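Student: Taken from TrEMBL, the feature domain 'Wntless GOLD' covers 23-201. Look at TrEMBL and you will find 202-471 tagged as domain 'Wntless-like transmembrane'. Feature annotation from TrEMBL assigns transmembrane segment to 208-228, 240-259, 279-298, 310-327, 352-382, 403-427, 447-468.
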Amino acid sequence: HFFFPPMIAHAPSPTTAVHYLATKCVDAVKGHQSGRWFMPWGPNQCDKIQDFDEAMSKKIEANDIVFAVHIPLPNKEMSPWFQFMLVILQFDIAFKMYNQIEDGAVATIDVGVAYRDDMLGEWTEMAHSIERRKLSCNFTTTKTYENEGRYYECDLLPFMELGNVAHKYYLLNIRLPVSERNKINVGIGEIKDIRLVGIHQNGGFTKVWFAMKTFLTPSILIILVWYWRRITLMTRPPVLLEKVIFALGLCMTFINIPVEWFSVGFNWTWMLLFGDIRQGIFYAMLLSFWIIFCGEHLMDQMERNRFSIYWKQVGPIVFGSFCLFIFDMCERGVQLKNPFYSIWASDVGTELAMAFIIVAGICACLYFLFLCFMVFQVFRNISGKRSSLPAMSKARRLHYEGLIFRFKFLMLVTLTCAAMTVIFFIISQVNEGHWHWGDYTVQVNSAFFTGIYGMWNLYVFAIMFLYAPSHKRYGDEQSRGDGEDIQLTTTITHVDGPTEIYKMTGKAAQE
């Protein structure tokens with residue numbers, strides 16, 4: 001009925017999809033007493049029926065049928081290492097001439113989820129809700145009596161999302177209450193079965209991810225402390241670029257701290273939301289840093305070293321990040337109380353979410369093009385400065401040529417890092433709602449996730465290492481007597497050794 005890409009052997013997907021078919025249980029007790037849970041198998045399994053024809057023959061009403069799904073499958077256990085659980089629902093609806101799906105049909109679902117940690121224990125209710133999901137089904141052949149019994153092709157429906165998997169066993173009980181008078185579940189066709197897909201993070205991937213974070217946290221923290229110490233040793237106050245690099249290091253440390261270890265031992269349902277907020281802060285800081293980083297290297301800008309001149313570029317980044325936060329709170333924030341809530345469940349919500357993903361992707365591409373334009377301007381300025389190099393002494397010229405080469409290389413690395421980040425952001429957004437794109441989905445393997453994360457850490461490490469103020473002096477002897485001296489600096493302050501990448505201070509080269 002639907003397609004999930006196969007796992008790649010050498011680099012598995014970070015998530016696993018498990019398929020479940022709901023068992024039809026009969027609730028014979030009149031009044032449907034609350035707190036009663038129906039198990040599809042095991043020692044206390046429910047009274048079952050095979051199909052609705054059997055229910056008709058036994059005079060069992062639709063309101064007395066409970067669709068039961070036990071997660072996981074028999075002889076398996078869920079684990080906190082799975083981190084989260086996303087459940088997607090699909091109806092198997094048969095075509096009948098006298099009972100067709102009406103336009104705009106909405107299924108009303110009375111659903112509860114319970115948990116326990118041993119096979120013989122009592123079920124404890126976790127959440128209960130009455131949800132509405134709009135059906136989007138197509139019948140691909142002609143609607144004739146000959147084709148009765150064939151199935152509609154129905155879109156997948158978002159059903160449930162849990163922010164952690166703290167328990168071993170979960171049980172879903174689903175009812176489809178029918179009321180002709182209130183027009184509840186009327187005109188939704190002849191439902192034959194309910195299928196669910198449970199998606200959770202792979203335990204093996206989680207362990208690799210945690211280990212990576214645990215290893216990287218002290219690495220970035222040590223270079224961050226070292227970097228700030230180098231700045232405080234300077235006689236001058238830190239300049240804007242140095243402050244922004246330090247802020248980037250702080251954000252990288254914040255996203256690195258492996259607080260996820262606690263989610264294995266504690267029932268913290270807000271970990272998904274917290275992870276999104278951390279990543280959002282890092283995105284905002286990284287994108288802002290690249291704008292300021294390139295801006296500070298444009299030598300023809302007279303006003304530098306002031307944060308206020310970047311508000312036109314940084315402002316939209318902060319606003320976009322705030323919109324992402326609001327969008328996330330609208331879904332994951334509500335799911336803390338009701339795991340069955342989905343912004344995709346309503347027409348307006350679906351259109352808003354779809355528009356949001358598309359606009360976010362377009363903005364990310366526009367940002368990258370703007371960054372390319374800024375880097376091009378920086379390169380053009382560098383080419384203009386090279387004309388002053390032949391007038392220098394050989395040793396000094398070679399020193400600055402080396403600086404120019406390393407700086408150009410760093411700018412190209414920055415562009416590559418930005419391109420990969422934009423691609424990762426767009427793919428992440430597409431995957432967030434991948435079951436809404438029909439059969440189309442993007443396969444993301446664990447190598448891509450860990451690769452991007454490692455790239456960010458390496459990049460931040462390199463930037464802090466290369467841009468830490470040095471106390472060495474280059475060519476002091478020449479500069480005392482040479483009025484045509486050139487100093488290359490990022491910081492438009494006095495000579496700072498390796499921090500110097502581009503400022504002309506010679507008489508002929510003054511701007």
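Here the Cβ of each residue, glycine as well, is placed from N, Cα and C on the backbone.
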Student: Looking only at the recorded stretches 279-298, 310-327, 403-427, 447-468, which one has the largest tally of CB-CB distances under 8 Å to the transmembrane segment (208-228)?
Tutor: 447-468
Student: Counting only CB pairs under 8 A, let me know which of 310-327, 403-427, 447-468 has the most with the transmembrane segment (240-259).
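Tutor: The listed stretch sharing the most Cβ pairs with the transmembrane segment (240-259) is 447-468.
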Student: Can you work out the mean pLDDT of the predicted model over the domain 'Wntless GOLD' (23-201)?
Tutor: 87
